[in-house]
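Heads up, the thing below is written out as structure tokens.
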Ligand SMILES: Nc1ncnc2c1ncn2[C@@H]1O[C@H](COP(=O)(O)OP(=O)(O)OP(=O)(O)O)[C@@H](O)[C@H]1O
């Protein structure tokens, strides 16, 4: 490695830091407190080792690693990958052992305890994926690979960790390797450089469960070649491979056909966006883990679940933001008024501001092929009555209208009739999937996620 002198390294890093500062990649306070004290320990053709004094520096730098890599790459005018180490970690190491240590780190247990089957909320959107994940804990190798795909933030990584935790808890003698595809590429590039590919292959071929996250990132061709061999070996030894991706195997770009055809030969299961009740249950679950004793009203959970059920990560982020603001502004409880005030600038929330009872009635009528007159009438024909229940439900859910006011919109019905109509729909939504689907579709039509 050491073809650069200390002087060179200092200059390169100073230029990189200057570039980061000129581009305002961090605000000044963060830069001065957490970034400035880093140094460049060593570099070679494609890897750079950056050293920082404390864990917090490391964490912040890791969160911004892509930007840091790109700044260093600009200074050196070639693509670089960075590794961040604590000063204490490198003090006793030679550069070669730093490389080895980096490899070792990839084999360390990366299963996150906080993601398990117990705290994975099951709903229609993810039931199959959860069942398949649990199944491979009991019957490894039955479906190989298990390929879980779906949009970002819907629980694929959560399920991988849940498999890892379940296996390690119930069969502690089993070896489980969770690996993020990009780290896998780094590991293999490194191994190729250090002529340790055979070692790495041997270590991986010993695992009982190989859990590969975000396979769409395995686009480096030499890595695919090695992975292909490893894959065949693990499958022939009846080891379980679980893969996640943001798309179906057949739609993967930049992955060789022979891999795609193997990925398709196991069990491919999609994971979808949680429906309203599941989204709300996830929010409740996330609340259980919180230490703060701030009370949040149920209506606020409805409010968040309605708007963000297409991405669980966003659901969580919204909840975190609310709690953070509650600590700042100290309201007695987090109620709808407080939440609305906090999110008034957020475009995802303001969408529902344009919704009116008339728009809801029109969307429901369009969906069921009814007229406005029919939905407002006293008719008890099932089709019309159900459509009316849904419209009432949506008025209450999205516009928080008092029952009496909704009654006015539906042929001057009284408060108690509307209340029972609303409750009927809440019950039917729990029991009947067809209604859940209808509500989702009508909400989509209204521009609500
Ligand atoms: N059904 C669920 N129950 C509880 N938490 C969930 C559920 N689905 C997702 N989450 C939570 O949502 C967050 C994002 O999930 P995760 O990281 O697993 O998404 P992902 O599908 O792997 O996304 P990406 O493709 O971006 O990596 C995590 O905190 C996870 O715990």
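Cβ coordinates are placed from backbone N, Cα and C, and glycine is handled just like the others.
The ATP binding site annotation in TrEMBL covers 153, 155, 156, 157. A helical conformation is recorded for residue 156 (ATP binding site) in the three-state DSSP classification. Counted within 10 Å of its Cβ, the other Cβ atoms near residue 156 (ATP binding site) come to 23, all protein chains included.
Residues or ranges marked as domain 'AAA+ ATPase' by TrEMBL: 142-275. Counted with DSSP, the domain 'AAA+ ATPase' (142-275) comes out as 67 helix, 24 strand, 43 coil.
Confidence across the domain 'Chromosomal replication initiator DnaA C-terminal' (356-425), taken as the mean pLDDT and rounded to a whole number, stands at 90. For 356-425, the entry in TrEMBL reads domain 'Chromosomal replication initiator DnaA C-terminal'.
Summarising the annotation, TrEMBL assigns region 'Domain I, interacts with DnaA modulators' to 1-89.
Annotated region 'Domain III, AAA+ region' per TrEMBL: 110-326, in sequence order.
The region 'Domain IV, binds dsDNA' annotation in TrEMBL covers 327-449.
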CB-centroid shell, 8 A cutoff, ATP site 153, 155, 156, 157, site residues removed: 150, 152, 154, 158, 159, 244, 271, 312, 313
Cβ neighbour count within 10 Å of residue 157 (ATP binding site): 20
Residue counts (helix, strand, coil, in that order) that DSSP gives for the region 'Domain I, interacts with DnaA modulators' (1-89): 49 helix, 17 strand, 23 coil
Candidates 153, 155: member of the binding-site residues with the richest Cβ shell (10 Å): 155
